[in-house]
């Protein structure tokens, strides 16, 4: 088996986790108490869901995941929620006092009290796997726990499981909507760590997803539940090929191979289509080429960043439902002819496609319509540098006055770590710039070849 362990850190990570496991259970016909009704059990040959669930002797299916927060309230909601019987009680780990939006508290003082318990639990989960493929980590980079403790966790995982892939789903601070004053500090400090210790980071940002909910689902005031269910669909599409069979299945390590041209350039944009409400879906024919086009729409990107301002290096299209390779090839060919979608010229093919025959499942009573086919796109574009430069500007404004820095230093950080992290991000912006430019300089040389064709 190719198991995957999910780690949900901090409030954002746990709430996204709730939405994900709710969806996974629906997709596999697992009840909130972990039982699989007998009619489903007869499909015993279809045990691909064991990548995400482990089965106990009593026929109960337990998610291979850990929920961690430095304060108890959010984890307590899981402990008392609908799915309380699904999770092993030791997988729900909470500390006593929170990180107070402070990276240093999450990373140094409060974090180190909880980290060993977590790693011990992860070790047990890993021992329970026959062929552990890697980790999915869910956290926000703006808070204290997701950023500080999340990075501590990644650093320790790198030591213990060096060769395993780590995919990160990061809730990134939005340009306009802020939940904490010190977000820029936490984000810059944690990105410094994400650069080194994770293989692929998929950027999500609340504001972008709010806009998608408002525009496509006509929800006037989206709640976190609306947002998280949409994020869960993306994560479900990415992992569908691990949990079901399909024509072109994609492994977790394949994301890395196909999307990351250079180790540091591993921050991805994601989009999902079709995001439609039931009233609209009834009147629309959502063909493969239509959903592919809308996955490339800048407005459908789940992070506030416009891919038209950059070039694509690679992208991965994960289709599910009623889709055949012929349609996919046609849709991709159409995308390649569009002038607005530019690829760097050192990566001429640029597309990795996966097809999975399991149609998307929706949460009953949720906002999304039940559709026959859907696509999730993960793309590596130089435009993501916009997200970093926005954050760096905010960081610089505060750091120039050393505002709020004493809270971090008081928790055992050194001021040098701030400037080190900031320099690392400046280097990252430069890297993205060079990856985009490299091609222009090469263009002169290429013209000679083209003439020979």
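For all residues, glycine too, the Cβ spot is worked out from N, Cα and C.
The annotation GTP binding site is assigned in Swiss-Prot to 11, 71, 144, 145, 179, 206, 228 on the grounds of similarity to another entry. What Swiss-Prot lists as N6-acetyllysine is 40, and the listing cites similarity to another entry. If you look up Swiss-Prot, you'll see 71 marked as Mg(2+) binding site. According to Swiss-Prot, the feature active site maps to 254, an assignment based on similarity to another entry. Annotated site 'Involved in polymerization' per Swiss-Prot: 453, in sequence order.
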Alpha-carbon spacing, residue 179 (GTP binding site) to the residue listed as 'active site', which is rounded to whole Å:
35
Hey, what's the Cβ neighbour count for residue 144 (GTP binding site) at 10 Å?
29
Work through the binding-site residues one by one (145, 179, 206, 228) and point out the residue whose CB has the fewest other CB atoms within 10 angstroms.
179
Spatial neighbours of residue 11 (GTP binding site) that are distant in sequence (at least 6 apart) but have CB under 8 A:
69, 74, 140, 143, 145, 146
Round to a whole number and give the Cα-to-Cα distance in Å for the pair residue 71 (GTP binding site) and the residue listed as 'active site'.
36
Check the recorded positions 71, 254 for other C-beta atoms within 10 angstroms of each C-beta and report the one with the most.
71
Most distant Cα pair in Å, residues 11, 71, 144, 145, 179, 206, 228 binding GTP:
22
What is the interatomic distance between the Cα atoms of residue 206 (GTP binding site) and residue 254 (active site), given in whole Å?
27
Between the Cα atoms of residue 144 (GTP binding site) and residue 254 (active site), find the distance and write it as a whole number of Å.
31
